[in-house]
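Colleague: Below you will find the structure I want to go over with you.
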Amino acid sequence: MRTLLLAGTALLTLAGTAIPASAQVSDNVIRIGVLNDRSGIYADLAGEGSAIAARMAAEEFGNKVAGAPVEIVVADHQNKADIAASKAREWVDTGGVDAIADVPNSAAALAVQGITKDKKRIFLMSGPGATALSGAQCSPYGFQWTYDNYAMAAGTGRALYEQGKKKWFFVTADYAFGQSLEEETTKMVKSLGGTIVGSVRHPLGTSDFSSFLLQAQGSGADVIGLANAGGDTVNAVKQAAEFGITQAGQSLAGLLMFITDVNALGLQSAQGLMLTTGFYWDMDDQTREWSKKFEAKAGKKPTMVQAGVYSAVKHYLKAVEAAKTDDADKVAAKMRELPVEDMFAKKGKVAANGRMFHDMYLAQVKTPAESKGAWDYYKIVKTIPADTAFMDPKQSGCPLVK
Amino acid sequence: MVSLLGIPPQVLFGQLLLGLINGSFYALLSLGLAVIFGMLNVINFAHGALYMVGAFVAWLLLTYAGIGYWGALVIAPVVVGLLGILLEKTMLSRLYKLDHLYGLLLTFGLALILEGAFRHQYGVSGQPYPIPAALQGGQNLGFMFLPNYRGWVVVASLVICFGTWFAIERTKLGAYLRAATENPTLVQAFGINVPVMVSLTYGFGVALAGLAGVLAAPIYQVSPLMGTNLIIIVFAVVVIGGMGSILGAIVTGLGLGLLEGLTKVFYPEASNIVVFVVMAIVLLIKPAGLFGRER
């Protein structure tokens, strides 16, 4: 009996010494849910690639932080806010998920932001662009990592203005997203002293842009800003090439373009196009090395959204390691405190409103002659420093900024 | 120069010409639908998907076999046509005796399967397809810059549209076809193989969609969803022209293209809706469509 008691005490003591390492980690696992579009229009720019990126981040920690194993789970939100919300709720309530990552499509992201805010879970946004996510709808636990509509619009507007392109014409998708891109760019261009010579609104999902391009061509603008996305942008650029718009001296600026769009266009059509990006695989040794590893798993180079997922997940795990807990309040504080330093962001910093400040890049699409092969698409024309790339947190309307 | 309703004539002419170009696309696609409906009484919802397959075949030929645009212009419609015949023989032919709705449901399902399969294989963001070297560049018409490729599209589709109309309405083969739809038993009794003729008609109808896909590849995004974006408008064109009326499909296709072009000048936001507004008005006044016969 006595020996049994002794053994029991010894066991308890042993267990007791083993617990502290992961005592602060709920259910002893750090679980990160990558929630994005896996079959629809964002599947190529986020999709499985984002899950691969998240796994790569976890592997760098040996799939273990603060003594607890790291697990990546994935789900498809099908670009529907209600599906995203119910999946997020399920993950948090019964799945033991500590952080949700990616979530392209701003409507879905806004829904998830509400849930993670109420339930105190970390939300690592790479895919969504709505500025409200780090503005009026900001959350102490929500982090907007890769880009936002302000950075894309204002960044491109400013960078092109500085290149002497001062007269703009907009081809805008006629819904909230397109209008907000146009508005942000207009504000920036006008504040610098440029002019808007005209704009035309087209319905979402237009296949023929020739009428609009003809109007833009006749407007005498220096830059034709495409305030649309995805298939609309691709069709517009393809047809602009056909009408010889860039050859005639006007610049074409895609206000929200991803490298997958350029790949879909081909360099013959896309050459000369200006765009802003948060990441390009061929920037330095670090990005090249990481992208090569990514390509080996995914079969293609990463988009900025996928690279952003990697960086955000890595920073989150770093914060968990430093805080020695997965408690959302403590981890969020650490995430704001620690600098972001990896192949994606150099000297990045998380502001009070959850916006991660990092340099953005103005890129120009190469000509077929300049390109050395597959995915060799961008020339980085200019680095847009973090503090001018993003909106000043004080003006974001986020109640967390004092 | 005088301006018309505040729009300079150059802009107006330019837009009208562009409208004609789009209209010829509509005409080509709705022609195939009209042929299939007129001869087979099938509402072919897979038309948009087969148009997409046509564009993808062109892309596959270029990427994997090195066969360029001109080769694709011949091969892709044949491939799509054969695919159509296969679908007709194995599935569609079983439904002729049933209500139209079954054909519609089957072809709708086929469209979803085709699109899903391409989306799974090639992703959603689309594939690049260049304009053939011989048709690059353009002409300055004074009032607008007309890319050579667009000019070619108009000419090609007009020739095909009126050729088809002629073949069906003015030749002996066309007469057989029309007779076979009117009374298949009687025509079969005269020693004509009606089932083969019906298969070939379906094959031809969808081959037109495949051809339109190849014509579209250099100017529109080659993506699995490209058919879905266009097919609804094309259906509206067929309804306005009168279900099954070949001339109706051609004339309405061109006419609506022009109307859409004008809308893009005066009120661009409505350019996707104008076709449907016209459809609603036509259905109210003349339910059989502009060129359709009451049955």
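Sequential numbering from 1, following the chain as shown.
Just so you know, glycine gets a Cβ as well, placed from its N, Cα and C.
Straight out of TrEMBL:
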- B:12-35: transmembrane segment (TRANSMEM)
- B:42-61: transmembrane segment (TRANSMEM)
- B:67-87: transmembrane segment (TRANSMEM)
- B:99-118: transmembrane segment (TRANSMEM)
- B:149-168: transmembrane segment (TRANSMEM)
- B:200-220: transmembrane segment (TRANSMEM)
- B:232-259: transmembrane segment (TRANSMEM)
- B:265-285: transmembrane segment (TRANSMEM)
Colleague: Ranking B:12-35, B:42-61, B:99-118 by Cβ pairs under 8 Å to the transmembrane segment (B:67-87), which is first?
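Modeller: Looking only at B:12-35, B:42-61, B:99-118, the most contacts with the transmembrane segment (B:67-87) come from B:42-61.
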Colleague: Short question: which residues 6 or more past the ends of the transmembrane segment (B:265-285) have a Cβ under 8 Å from it?
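Modeller: For the transmembrane segment (B:265-285), the far contacts come to 5, 7, 11-12, 15, 233, 236-237, 239-240, 256, 259.
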Colleague: Looking at B:12-35, B:42-61, B:99-118, B:200-220, B:232-259, which one has the highest count of Cβ pairs under 8 angstroms to the transmembrane segment (B:149-168)?
Modeller: B:12-35
Colleague: Short question: most Cβ pairs under 8 Å with the transmembrane segment (B:200-220), which of B:12-35, B:42-61, B:232-259?
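Modeller: Maximum Cβ contact count belongs to B:42-61.
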Colleague: Going through B:42-61, B:99-118, B:232-259 one by one, which has the most CB pairs that fall under 8 Å from the transmembrane segment (B:12-35)?
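Modeller: If we count Cβ pairs closer than 8 Å to the transmembrane segment (B:12-35), B:232-259 scores highest.
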Colleague: Counting only residues 6+ away from its ends, which parts of the chain sit with a Cβ under 8 Å from the transmembrane segment (B:99-118)?
Modeller: 41-50, 52-53, 56, 87, 91-92, 224-225, 227-228
Colleague: What residues elsewhere in the chain lie close to the transmembrane segment (B:42-61), defined as a C-beta under 8 angstroms and at least 6 residues from its ends?
Modeller: 29, 32-33, 36, 67-69, 71-73, 75-77, 79-80, 83-84, 87, 92, 95-96, 100, 103-104, 107-108, 110-112, 114-115, 118, 122, 127, 129, 202, 205-206, 209-214, 216-217, 220, 222-228, 230-231, 234
Colleague: So which residues does the transmembrane segment (B:232-259) touch in its own chain, when a touch means Cβ under 8 Å and the partner is 6 or more beyond its ends?
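Modeller: Here the qualifying positions are 16, 19-31, 33-35, 37-38, 47-48, 161-162, 164-165, 168-169, 272, 274-276, 278-279, 282-283, 288-293.
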